[in-house]
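Sequence annotations record features per position, and here TrEMBL assigns transmembrane segment to 15-36, 48-70, 106-128, 135-156, 181-203, 232-248, 268-289, 326-344, 356-377, 397-420. Among the features that TrEMBL reports, domain 'Ammonium transporter AmtB-like' is placed at 15-446.
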């Protein structure tokens, strides 16, 4: 077969997409290390198992029907003139096509499948240490088979009602559609919203929050019990995620030839600047408030900056990337504190990092997008609607807000519809005995590590308060003569119940 310039361009573009997809898939390693380091040692094996489960069950679910609901049938409809469905895709279930497959379909499927795995991995951190494995498996399948793919169809397919790639202005919302270059809304807001709802329905880990009458000292002692057990793992995981994010954002050019390399290079710059700005913001703000150098806040700040810039990474100038990251850091810090005030237990702060920062990232597009960048990234000739701060009017900002609003509602409602019946049937949360002993010991053949609590780190005043009745008291495994009882030491105490 003769080698032509056109065939070389196709090969180069597909290889670019495959390599970027490998980087995104490598983010699973980062998520695993971050989550392992952020939970207590008695649940490390469980966290590892759930992240492996994402790479196994979730990707199979995406192969069976996720791709079909996201992109299935788009090229066929475009060429046949068949009436399109702007809400959900159809066709190519199990990657079976009625005709010859598109040249780039396999590279595209691989790239999108690892994105889907990322969306559910976000949720695993929010429900850590207390969800049953069967409930999490159901959530992983439902997320990758339906919740996430439908949003992808809206925003990224050639037929979606919010999609900038939908060339039919009659079926597209807004002049440009919703601009989300690499997934602040499509991936992170979906995962962050589901994380928030799941953590809310599950309830906090045993002993995570006390009563409103609890002293500040006791709150601080209580927080120490649940602090990350291995910050080395958490730090390495965050840095791996930062590296993987270049596959996430730069790879969203989908091609590298014909000028796309310029966009990819700019994306790398804006991604780096936003992460650095958000990390510095959280580090300095926390030092100003607590006079401590908090590595946890800094790590989550970096991630919040990465999430914040993901939608606009190809659309903004470097100075705007720094501004977006800086604000993203404050958004993360504020929402993280709101979670604690509401007694919503999110061990990884996933809903703050991915949900709140993702919402801000989608909104920022409507403020900072320039006309030149919009032309380069989306091939829009002479754009009339772009960022408000550049004189592009209010329309794009309005479209972005409508976009994050419907994504938030869709993810929240469907997550609740799945988890509430599981909770009612008693299949959502592990038993109090298993939670105290640790999931590793009870479900994975023995604890990977021994988490020995020192008596001075577990004062008598810091007690467990159960979110549901328990039959009997039982001994805390690492502290002699310490028992766990419902409403222990607090007469008339009632755990806040949200559902």
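Using N, Cα and C of the backbone, Cβ positions are placed for all residues, glycine too.
Unlike curated records, TrEMBL annotations are generated automatically.
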For the transmembrane segment (48-70), sequence-distant contacts whose Cβ falls under 8 Å of one of its Cβ atoms, 6 or more beyond its ends: 25, 28, 31-32, 35-36, 88-95, 109, 112-114, 116-117, 120-121, 124, 133, 136-137, 140-141, 143-146, 148-150, 152-153, 156-157, 444
Residues from the same chain, set at least six apart from the ends of the transmembrane segment (15-36), whose C-beta lies under 8 A from its own: 44, 47-48, 51-52, 54-55, 104, 107-108, 110-111, 114-115, 117-118, 121, 124-125, 128, 230, 233-234, 236-241, 243-248, 250-251, 253-256, 299, 348
Paired segments the transmembrane segment (181-203) and the transmembrane segment (268-289) in contact, 3+ CB pairs under 8 A: no
Intrachain neighbours beyond the transmembrane segment (397-420), with Cβ under 8 angstroms and 6 or more residues off its ends: 135, 138-139, 142, 146-147, 150-151, 154-155, 162, 173-174, 176-180, 185-186, 189-190, 193-194, 196-198, 201-202, 358-359, 362-363, 365-367, 387-388, 428, 499
